[in-house]
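As written in Swiss-Prot, here are the features:
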BINDING   Ala28, Ser29, Ala30, Gly31, Ser32, Gly33, Lys34, Thr35  ATP binding site
DOMAIN    7-482  domain 'UvrD-like helicase ATP-binding'
DOMAIN    510-804  domain 'UvrD-like helicase C-terminal'
Amino acid sequence: MAILSNPQFTPSQQAAVDHDGHDILVSASAGSGKTSVLVARVIQKILKGTDVDTLLVVTFTEAAATEMRQRIQAALRDASEKATEPAVKQRLRQQLSLVPTAQISTLHAFCLKVIKQFYYVIDRDPVFRLLSDTAERLLLADQVWQRVREAFYNHEYVKENEQDTLFYELAQNFSNDRNDDGLTDIVFELLDFANANSNPVKWLNKLPKSYAVDEAGLTASDYFQEKILPILQQTITECLEALQEAEQLSKTSENLMIYAPQIATTQAALTQINADAKTLNWQAWRQQLTDAQLGPAKRTKKLEPDEQINKDRLKADLDDVKKKIQTLLDTYFVFDEATTANIQRQAGQLVQKLVSVTLTFREAFQAEKERRHLLDFSDLEQLCLTILSVEDSPARAFYQQKFSEVLVDEYQDTNPLQETIIQKVTSDHPRNLFMVGDVKQSIYAFRLADPSLFKNKYNEFGVTEAERDSERIILAENFRSRRNIDDFTNLIFKQLMDENLGELDYDENAALQYGARYYPDQHPTAPTELLLYETKPEEAVANPQLDKSEGQVVAVAKRIQAMMTNGEQIWDKKLEKMRPIEYRDIVLLAPTRGNNLFILDYFKRFGLPVVIKDAQNYFQTTEVQIMLALLQVIDNPNQDIPLVSVLRSPIVGLNENELALIRINDKTDDYYQAVFNFIDQYNEQKVGHLGQQVMQKLTHFMALLTSFRTIARQQPIVDLIWTIYQETGFLDYVGGMPAGRQRQANLHALYERATAYEENGFKGLFQFIQFIERLQKQDKDLAQPTSLENQDAISVMTIHGSKGLEFPVVFLIDTSRRFNQQDLQRSYVLDNHGGLGVVYLDSQKRLKVPTLPELAITAQKRKKLRAEEMLKTIRCFDTCGTMVNHRWPL
């Protein structure tokens with residue numbers, strides 16, 4: 001049978017299509033044609049005699065799986081039409097008929113199929129419903145957690161007549177005076193982390209071991225030696241490097257030599273500490289670090305300009321050393337050993353209790369899901385792995401024999417659990433795993449993706465086919481963008497990305513190579529632009545972040561207006577000619593959805609059509625905030641902020657002066673009582689025209705509120721919400737606002753969420769409001785995208801949502817966004833590899849004390865977080881840089 005050879009493929013692409021018989025890792029830069037290569041490899045396998053239903057093709061999203069299936073079908077049709085041999089044509093048509101049932105899917109879909117086919121291996125009920133709605137899962141989990149939490153508060157998990165005092169201490173440690181949401185947060189997050197591991201129970205039970213106190217002392221413990229000591233030694237090494245530079249500077253002038261003795265003393269002390277680090281006890285660490293601290297700054301004579309420059313540099317080095325030594329003392333050795341050991345023990349007991357609570361909740365949640373015949377996505381992977389891991393598993397043997405090759409797309413975004421599942425279904429003799437990805441584009445760390453899996457194979461795999469166990473193939477050509485885009489992307493990466501920061505060195509193998517040679521050379525290349533927004537002092541506002549957000553949106557809007565007014569020309573690849581730019585050619589990309597509301601507002605003012613491709617910040621939209629405030633008021637009107645929000649909204653329509661009049665009439669009561677008093681004491685002769693307007697609006701609103709509260713007590717929430725839409729005309733009102741269709745879709749989404757809430761057996765407005773608040777806290781959007789795909793409008797989306805897309809003009813906004821370290825400000829810190837670190841609350845002294853695991857994990861996570869945020873920015877440039885084919889303003 002004919003073998004597929006594409007003259008347009010590069011040698012590397014053709015190698016990725018042809019080579020087999022061993023594991024292959026394809027490092028494919030964005031725009032390098034990896035999807036075409038994957039499809040061609042599948043077709044090549046078919047032409048060589050492999051049936052398409054003996055391939056497992058794993059993609060990261062359902063959309064990618066659908067696209068892959070469609071492209072394979074199209075390629076088979078094309079090959080069938082071109083085939084001249086009847087036998088070949090018949091075989092290709094046969095394979096085309098097998099594609100709909102072939103295993104081309106996400107890993108979750110594959111896991112689902114494994115469970116449905118081999119449920120009996122683990123004695124599982126084959127009848128279940130997939131809990132695919134995140135909000136529905138959260139709702140069920142919340143309900144189970146409330147039961148478990150109350151049982152702990154009622155001492156139901158201890159022997160009769162015993163008090164579960166440790167649970168109260170646990171709740172107090174992670175909560176505040178208002179509620180115990182902090183405990184809820186850590187239990188839910190612990191469960192998510194545990195479920196991302198191949199053995200959740202084992203992972204949880206390991207957490208308290210970090211708090212064990214060795215009989216030989218704190219510094220003799222494995223945790224101190226493995227986790228704390230490297231941090232201390234790294235800091236001391238940095239101090240020694242700074243001291244070495246200071247020593248060299250002191251030798252540049254006789255006047256600076258007065259620093260030499262001090263430098264030498266501290267150098268010797270720190271060198272000795274590093275040499276003895278593994279054997280030093282707690283007190284020795286405290287004492288020797290204190291002794292190593294630099295003394296007061298030295299006074300020098302009047303210096304020459306060059307001497308002053310060197311002195312300033314020298315002093316900066318010494319100040320840095322002082323600060324680092326003092327930070328070590330204040331962070332790790334602030335207490336003596338006995339006090340620190342006691343904190344470790346007390347915190348360890350709380351962590352042990354926390355693990356027990358989490359396991360109890362996990363068991364109860366699993367039992368409730370089984371009772372309701374439900375599975376969530378984490379269950380799919382866990383149960384699939386269990387089925388494949390059973391000794392002499394028929395499922396593992398079946399799939400290893402069935403699949404002639406396993407192809408994994410976006411391999412850089414897999415996690416260890418998914419990697420374990422993939423390895424279970426691949427063959428050992430010969431190896432048959434084909435992986436495609438790009439570590440520079442791994443932007444799913446928040447989903448516990450582990451790019452180090454890709455990196456390790458990248459470093460370990462052989463670079464030639466002769467090394468038969470494994471092979472690494474690099475696809476570096478970018479077939480999307482013009483040369484100026486490639487050059488700028490490479491410039492950024494070469495400055496910022498290396499082995500320490502970005503999992504690999506940005507060398508010639510990683511750099512983008514120009515491959516889009518279809519662009520005509522005679523047409524001018526548009527430069528990459530950097531748009532700077534500078535606020536004049538007299539124009540500055542009280543909120544700098546608000547000022548920055550508005551400023552950059554306005555700057556982009558003006559730049560787009562100029563491009564459209566000037567009729568800027570772009571190259572159309574389909575038409576193969578230059579044409580005037582259209583709105584649909586432009587996309588705005590941002591790391592988050594934070595500026596979407598500004599964009600909608602300001603682009604409307606500038607007359608620019610815009611479509612939000614990603615769900616916007618749903619709970620921040622005006623219409624949703626008003627509805628949530630109204631629901632809160634219906635549930636409990638004695639809440640000033642929600643009540644004033646509703647009164648100020650279009651539903652009632654009071655302005656600032658009218659609201660002030662109500663408050664002036666009653667300065668002491670809550671606002672709801674003030675409204676009552678205003679109506680009760682109303683005197684048409686005294687209040688004037690303004691008061692008459694207020695009275696009219698309040699009377700109408702109070703009648704509505706009374707009606708709504710009656711409905712809330714007697715009817716389902718969905719009836720209440722729909723009645724609000726009808727009686728107030730609010731749904732129609734928002735339809736006339738900018739982006740009206742999207743706003744109406746948002747209100748419909750709230751109605752649909754209430755429907756799902758009650759269909760799952762949950763009741764009550766108060767509980768529904770709590771559920772929505774929980775969604776808000778976890779940033780779970782409910783917005784329904786408006787179908788405007790064919791509209792000539794500017795697209796707005798996140799970097800995540802843009803992968804694989806292509807636009808002639810891309811505006812990358814919010815590039816000055818600071819690193820997000822919010823996770824490090826809580827009373828606990830979690831890391832899949834480092835475990836759990838908690839801040840211990842001494843209830844008697846009302847003192848919060850970081851534990852050693854908290855300090856170690858925070859230090860490592862802060863470094864990792866900064867690296868991840870930097871990498872995310874770099875990867876944004878890579879993703880953006882390879883979806884632009886004409887102009888790229890930032």
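Along the chain as shown, residues are numbered 1 onward.
A Cβ is built for glycine as well, from the same backbone N, Cα and C atoms used for every other residue.
When averaged over the domain 'UvrD-like helicase ATP-binding' (7-482), pLDDT in the model lands at 91. Classification of Ser29 (ATP binding site) by DSSP places it in coil, neither helical nor stranded. Candidate binding-site residues: Ser29, Ser32, Thr35. Fewest other C-beta atoms within 10 angstroms, Thr35. Neighbour counts were taken as the number of other C-beta atoms within 10 angstroms of each residue's C-beta; across the binding-site residues Gly31, Gly33, the minimum falls on Gly33. For Ala28 (ATP binding site), other Cβ atoms within 10 Å of its Cβ number 27. Annotation for Lys34 (ATP binding site): same-chain Cβ neighbours under 8 Å, separated by at least 6 residues, are Val26, Ala28, Asp409, Val436, Leu475.
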